[in-house]
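Here TrEMBL flags 57-75, 150-170, 191-212, 218-237, 249-265, 277-294 as transmembrane segment.
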Amino acid sequence: MAVSMSSTCPGLYCGKTIINSINGSIEGECGVCPRGERTNIEKICERCRDSPELYDWLYLGFMAMLPLVLHWFFIEWYSGKKSSSALFQHITALFECSAAAVVTLLVNDPVGQLSIRSCRVQMLSDWYTMLYNPSPDYVTTLHCTQEAVFPLYTIVLIYYAFCLVFMMMLRPLLVKKIACGLGKTDRFKSIYAALYFFPILTVLQAVGGGLLYYAFPYIILVLSLVTLAVYMSASEIQSFKNLVAKKKRLVVLFSHWLLHAYGIISITRLDNLSQDLPLLALVPGPALFYLLTARFTEPNRILSEGGNGH
């Protein structure tokens with residue numbers, strides 16, 4: 001028995017569910033679609049069967065990198081220059097985030113597989129369906145709030161929860177065992193910092209997830225350029241000789257280059273490989289420009305030349 005078409009539901013995200021009965025399939029009342037479904041053109045709730053696009057995976061990768069980068073930053077900040085525990089804490093943080101990512105994929109639909117099914121993101125409003133609940137008679141509001149971008153919204157929150165759980169299970173024991181060079185209070189400060197930035201990241205995703213989805217490639221490029229310039233300036237790196245003097249500086253440089261490349265790939269989406277891949281040659285550009293021009297902007301030189309009247 002074919003489904004008889006009736007008047008469509010109001011609003012952008014209200015739809016009718018298909019109810020299977022003995023006599024065939026009938027349409028339910030207008031309302032919110034179940035999780036993992038969204039309305040089609042005919043305002044019928046339809047199961048999401050698409051796989052995430054490359055841009056979707058890049059967005060998830062960006063949101064997954066945020067806690068890892070913050071972990072590494074605060075570990076380095078509080079470990080001290082003479083602490084030998086920093087490396088082990090860096091590796092542990094990487095393991096925590098990697099394990100959380102794997103578990104998050106496994107618990108999402110389809111359960112037990114390292115893949116997810118998703119609904120296509122069509123517009124910014126898909127992230128904020130709570131703002132588009134219609135009022136057909138201008139009195140009664142029809143609540144149709146749902147995850148139209150399933151699972152891009154909730155999967156990040158689930159990932160942050162697992163990151164926090166793994167951190168609390170592993171990091172305190174590790175820090176207590178190996179961070180002997182630090183004081184009893186200093187050795188746990190990187191963990192305390194995580195207890196602050198995880199709620200901040202959660203609120204950021206809950207409130208600004210849609211904005212981040214469209215802006216993250218540019219955020220990556222801008223922040224990676226700024227942090228690289230600040231690091232090279234603070235480390236007084238003004239030549240290639242200064243750069244290769246310590247392995248840590250090369251690690252920081254290559255890490256920023258990876259972020260540069262990640263941002264470029266996210267912007268271009270590699271839609272046209274013949275045009276987009278050559279853009280990756282621009283990755284070393286900012287660092288080379290800084291090294292070639294740093295000596296001309298050294299503050300002491302500018303002050304001395306100004307005092308000599310040059």
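A Cβ is built for glycine as well, from the same backbone N, Cα and C atoms used for every other residue.
Remember, TrEMBL labels are computer predictions, not curated facts.
Counting same-chain residues at least six beyond the ends of the transmembrane segment (57-75), those with a Cβ under 8 angstroms from any Cβ of the stretch are 86, 89-90, 93-94, 96-97, 101, 152, 155-156, 159-160, 163, 167, 189-190, 193-194, 197-198, 201, 205, 212-213, 216-217, 220, 262, 265-266.
Per-stretch counts of Cβ pairs under 8 Å to the transmembrane segment (191-212) identify 150-170 as the leading one among 150-170, 218-237, 249-265.
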